Amino acid sequence: MSLVPPLPILSPPSSNSSTTAPPPLQTQPTTPSAPPPVTPPPSPPQSPPPVVSSSPPPPVVSSPPPSSSPPPSPPVITSPPPTVASSPPPPVVIASPPPSTPATTPPAPPQTVSPPPPPDASPSPPAPTTTNPPPKPSPSPPGETPSPPGETPSPPKPSPSTPTPTTTTSPPPPPATSASPPSSNPTDPSTLAPPPTPLPVVPREKPIAKPTGPASNNGNNTLPSSSPGKSEVGTGGIVAIGVIVGLVFLSLFVMGVWFTRKRKRKDPGTFVGYTMPPSAYSSPQGSDVVLFNSRSSAPPKMRSHSGSDYMYASSDSGMVSNQRSWFSYDELSQVTSGFSEKNLLGEGGFGCVYKGVLSDGREVAVKQLKIGGSQGEREFKAEVEIISRVHHRHLVTLVGYCISEQHRLLVYDYVPNNTLHYHLHAPGRPVMTWETRVRVAAGAARGIAYLHEDCHPRIIHRDIKSSNILLDNSFEALVADFGLAKIAQELDLNTHVSTRVMGTFGYMAPEYATSGKLSEKADVYSYGVILLELITGRKPVDTSQPLGDESLVEWARPLLGQAIENEEFDELVDPRLGKNFIPGEMFRMVEAAAACVRHSAAKRPKMSQVVRALDTLEEATDITNGMRPGQSQVFDSRQQSAQIRMFQRMAFGSQDYSSDFFDRSQSHSSWGSRDQSRFVP
């Protein structure tokens with residue numbers, strides 16, 4: 001029966017504690033349930049009832065006296081302040097329940113453990129309430145359980161670690177999680193009798209209690225601390241990525257614009273070429289330019305001013321379509337039977353030429369260049385690439401090339417009818433007819449004009465001579481070896497300093513031979529020498545001639561002037577021709593030759609002017625540029641034809657262009673008085 005009094009004694013303290021605790025209890029629920037205002041009424045029974053139910057079993061005999069003393073005892077009041085300073089009261093409550101009820105209190109500890117997140121969340125709305133209430137709730141637990149003071153030393157051990165992380169670092173995340181604990185806490189006190197109700201809530205609160213523990217608080221410390229950093233790094237990274245992506249897109253756009261412009265420049269649909277009116281000795285229309293383009297099967301035809309259709313070669317056309325561009329040395333050696341003497345076609349300044357037959361049965365001419373060596377391979381390829389793009393009816397087509405250790409070889413189409421030099425000067429050859437000579441002169445002029453004005457880049461031949469004018473079976477001229485002088489010079493410059501002038505004696509222009517100045521006019525001079533060969537039938541340098549007449553140009557200069565003035569060609573024309581020529585065509589050819597071999601390069605005509613002069617013999621085209629052969633003064637207009645006077649008046653601004661003038665000019669024209677007949681091949 002002595003046990004009965006303690007129970008009533010315990011109940012008064014509990015009531016006293018309840019009476020004394022209401023202020024703290026009202027403050028205590030504020031700490032966990034500050035966010036929801038509805039929780040204060042159910043919360044007061046939250047902490048005392050479980051304490052009353054759990055504490056009686058252990059301290060039934062010993063706790064009554066201390067239980068009555070603690071409520072008024074000031075020591076209890078004094079003890080909380082250190083707890084407030086060191087750690088919040090929840091840790092004290094954490095330590096006391098576990099020993100009291102191992103079975104029923106585990107739900108309560110998570111409930112008591114869960115309030116720490118609300119204080120973590122509560123500091124943001126009411127910061128002062130979180131600091132003041134904890135000392136007041138602390139008296140009630142120690143008053144009810146004096147026996148746990150032995151265990152209280154253990155909480156301070158975790159408490160030093162807990163206060164710093166909980167109050168300082170956890171505020172941001174708990175607000176989202178603190179909503180669930182308050183909602184669960186009021187439900188638990190509302191159902192005090194049934195203990196099973198907190199049990200289903202425990203798993204929900206355990207994940208919440210994990211972040212609030214000492215170790216979990218450290219985890220929380222890392223999470224919030226890292227999340228702002230991640231957000232900051234994320235924003236900076238996003239900005240950097242955006243800048244990089246913008247630069248990439250900008251570079252792609254610039255590259256696209258550049259490629260489109262480059263493609264427009266190299267568009268195979270735009271064809272450029274040399275426009276030539278139909279000639280009396282030209283081949284059928286459209287055959288002036290042959291295009292070998294692997295990209296387009298049939299290049300478009302463009303109509304010239306005279307109404308004739310001409311095919312134009314593209315500047316970026318590659319090698320001959322559907323054919324190889326590179327050959328091995330062994331293959332070319334096999335094709336030419338080991339470069340045997342029986343296959344030797346000739347030998348020139350750049351090397352020997354051998355005849356060969358490819359595996360597909362195509363006949364080719366293999367030129368083995370004297371220039372070689374391992375150096376200069378890049379320059380050789382560059383020049384070969386330029387040459388391979390040149391395709392014209394009057395130019396020999398380059399089929400391919402070979403670069404070996406010490407060898408450089410070029411493969412051309414084989415032209416079966418030998419060279420102009422062979423047909424003009426070889427002993428025992430039949431005399432070339434005048435019509436054949438005119439055809440050869442016109443074709444060679446077209447090919448050289450194409451090199452000078454329509455190739456990109458323009459090509460200066462540097463070694464135009466009769467042995468480089470090849471003839472096919474119909475005696476159409478094809479210019480060979482163009483670009484080789486440039487290749488030789490580039491390759492020589494890589495091995496040693498070369499100052500030698502490319503060319504053949506007797507064909508070289510005087511300014512090029514003396515000073516090395518190179519221009520298109522040097523090729524014009526060489527072509528003039530070829531015209532003199534066609535007219536006279538003599539070699540450029542003939543040692544069998546009397547002293548002083550070895551040079552063809554120097555011997556022909558005075559005769560050219562006399563032939564133009566007197567229209568007498570007997571002393572100048574090839575004796576083997578006799579009178580088998582057309583005077584009008586002979587006059588025009590003599591005039592063109594005299595203009596091409598002038599001493600002054602500036603006074604020489606362009607090859608396009610020579611082409612027009614040879615193609616339009618019935619028209620009055622002035623290619624003399626107002627100069628007599630061998631003179632350096634301007635023609636006197638009173639001594640010239642009416643056409644020249646008309647051009648001078650147009651040039652110097654005369655406005656007298658009446659019909660009478662044209663009538664007089666046509667009636668007194670020196671060209672009209674001359675009996676001209678158009679030659680039809």
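Heads up, the Cβ atoms here are built off N, Cα and C, so glycines get one too.
When N16, N417 are compared with the annotations in Swiss-Prot, the one labelled N-linked glycosylation site turns out to be N16.
Y412 (phosphotyrosine) falls within a strand when secondary structure is assigned with DSSP. In three-state terms derived from DSSP, Y512 (phosphotyrosine) belongs to a helical segment. Each residue contributes its Cα atom, and for Y412 (phosphotyrosine) and S467 (phosphoserine) these two points are 16 Å apart.
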